[in-house]
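**Student:** For reference, the structure I am asking about is given below.
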Amino acid sequence: MAEDNHGKQPRHFRQSAITNFFARTLPTPPPTVTGTKRNASSSNVTRQNGGAQTLVSEGWEVLGERQNKHYQHGSFVPDLPAIGVSTTATISVNSMEASAASSFVDRSDDTDDDAGATVGDALKMFEEDDAIRGDPLKASRDGDEMTDASLSVSSSMVVDSESAGGSVPTPDWSGVALSQLTRCLIPSDLRLPSLGPAADHTLMVAVPLVPGKELAPSPSLYNDVWDFDHVRLPSSSRLRRTLHTNGDETVVTRWELIQNNVLRNYQSITDIVPAIASYYTGIFNTAMVTGLVKTVKEELTPQQSHFFVSTLLPFIASLVIELPSSCTQPIPLLKSGMNHTITFSQRQVASLLANAFFCTFPAQKSVDAEREPGTGYPFINFDWLFCSPRAWREKRSQCKSEKLKCIMNYFCRIRDSNPIGLVSYTRRSIILFPEWADSQTLLSKAHITHKGNIEDDGAGCLQVDFANKMIGGGVLQEGCVQEEIRFVLNPELIASRLFTECLLPNEAVIITGAERFSDYSGYGDTFTCAGPHVDNVPRDTWGRRMTQIVAIDAYKFGKTETQYQQEFLLRELNKAYVGFCRGADHVTPDGPLSAVCTGNWGCGAFRGEPRLKFLLQLMACSEAGRDMMYVTFGDARLQEELAAMYEHLVGMNATVGDIFRIISLYHDDVIMKSSNRKKRSSLYSFMYACFNGP
């Protein structure tokens, strides 16, 4: 049956193979199964007779043994059972012994967080504000990992074992075994060329690298540049201020004020106020540090508080002063449309973050910032993190304190061990995307689990940051969901806010080598810093931790139905693809691509539907040539539904194009023709119906 002019007809659904595939799971397979195909131009169903055939599946051996399940009675063919029962492999990490000097953990309350809560429960705890558009008063994040049950339409294909009259436990994982995924971010599989600067790569350190020795900056002398293409550093001689003393005027640079004030004998945490106020643009007083003061005086033990004020704070101040001797080369701004990488030493990143802690950075200017609201650069200074939350966000007071403890753990480790690795920050922008409706690409391997999380269980994978278009989201404000938590666990990620312009729909940021410094528990209002973390992830030949994080920002939907429109399907597919594809920035152009570790990207506050986002990310992974590990964050039922649909699609050899067209058809044939969402069939029910008939 030919496609209509709009290209929306689900073509080549391999009906005989599909019906025969499902016949194997039925108690009494009929000798002949009648299949159906839907015509995109009509709501009528055109029937085609198909005899039983032998299924030639493109599935994998690990999709073998199936479990018996009870199914809900209905007009649709039941979904496939969850398979591949096993216990998710865990990665052991050595813990650093906590001490009063180095472990900033709240000792006053031994109450455990509700670690077993589902992500659906997490949304009830709090609600994010509007997305950040450069205005600090609009604290939110763009694409958290919460799942709002009220926004999700459960598939009628899966029922819980209790209601079905049986007791079938949900396996720890479904789909393909984790060992079968390509996870090449390990030394034996990654071969890097020699490290050096290039037209699309700014290298901030001198080469060749000498193992075990401290990295020297490149060039050896500070180059002061002040323009629209590079970061405006506080050490620039262009920043000047006129001081009035006894009727006399004296012109000094801002850097002179910083040098003369941050290095002092700190007796109390409030001593930081006059230090910052001496060079701060605007008013800076004790009201601006109430959150920091509360953390140091009330959340830390007396020994920890004394250590922070007397030892750690002066060390952070010394890192501030290192800036012009550490970052001697002008730092390019990663502007819209660029494909460029900046590689720093960890010591250089520490100096940048120390300056952010002492609020020394001027605003980074974008030539289009005034014409395009919401563009420009995120703020990097920590002043908003230091203050108490606004009245309507009082619940986040403790969250801010816990984030500050993570930052303290970071600086404490830098002081004690002085890491000598590298961190790379890449902005990727592409203009050519797959023709999704016509794609004949088969689906990649997928491992689906409700256990664990991305940062702990995604070792060897490209790990997804559910990002804000202003990278980092509300990390330096009240935000405390997936992106913000990841940024305080790996504070070197925060440095990306200094030079990364607002992301466009065809762009992503990839950060390689960011080390983890803290453990945690909880989520949102229950987030708690659980002490220091020793990162045992090996380094590549460039000295970077083999942890790679991709920041992709989901679209914030006003209505849940909007996400099924073809233009928004394309937007989310293209956004995921730019993050997952082999970009020009890949230093190993012919090597294997590691699996993507992701989850409910853009769900919850941004109203994304996790069942749809699973399919879209699977399609993007398949087109990019990557396997996928999908974490449902404690939602076992969601794991069952996703795994059932995944095995369904693999069994019938569905292509990326097949899935795209049927989702588009769901919008046209179901959403547009039914205003009652409760009576509307779900996406997965519709997909089963289209493939198998009523």
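Using the three backbone atoms N, Cα and C, a Cβ is placed for every residue, glycine included.
According to TrEMBL:
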REGION    22-50  region 'Disordered'
DOMAIN    302-427  domain 'PARG helical'
DOMAIN    434-639  domain 'PARG catalytic Macro'
ACT_SITE  ASP465  active site
BINDING   ASN468, GLN482, TYR523  substrate binding site
ACT_SITE  GLU483  active site
ACT_SITE  GLU484  active site
**Student:** If you measure ASN468 (substrate binding site) to GLU483 (active site) at Cα, how many Å is it?
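**Tutor:** So the alpha carbons of ASN468 (substrate binding site) and GLU483 (active site) sit roughly 8 Å from each other.
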**Student:** According to DSSP, which kind of secondary structure is ASN468 (substrate binding site) found in, if we only use helix, strand and coil?
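**Tutor:** Note: ASN468 (substrate binding site) is coil by DSSP, not helix or strand.
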**Student:** Which whole-number mean pLDDT does the model give the domain 'PARG catalytic Macro' (434-639)?
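**Tutor:** Within the domain 'PARG catalytic Macro' (434-639), the model's average pLDDT equals 95.
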**Student:** Could you give the Cα-Cα distance between GLU484 (active site) and TYR523 (substrate binding site), in whole Å?
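**Tutor:** Distance (Cα to Cα, whole Å): 10 Å.
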**Student:** Calculate the distance in Å between the alpha carbons (Cα) of ASP465 (active site) and GLN482 (substrate binding site), and round it to a whole number.
**Tutor:** 7
**Student:** Consider each pair of residues in ASN468, GLN482, TYR523, all listed by the record as binding substrate, and report the largest Cα separation in Å as a whole number.
**Tutor:** 18
**Student:** Would you mind reading off the Cα separation of GLU483 (active site) from TYR523 (substrate binding site), to the nearest angstrom?
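**Tutor:** Counting only the Cα atoms, the answer is 11 Å.
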**Student:** With H, G and I counted as helix, E and B as strand and the rest as coil, say where DSSP puts TYR523 (substrate binding site).
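**Tutor:** TYR523 (substrate binding site) sits in coil per DSSP, no helix or strand.
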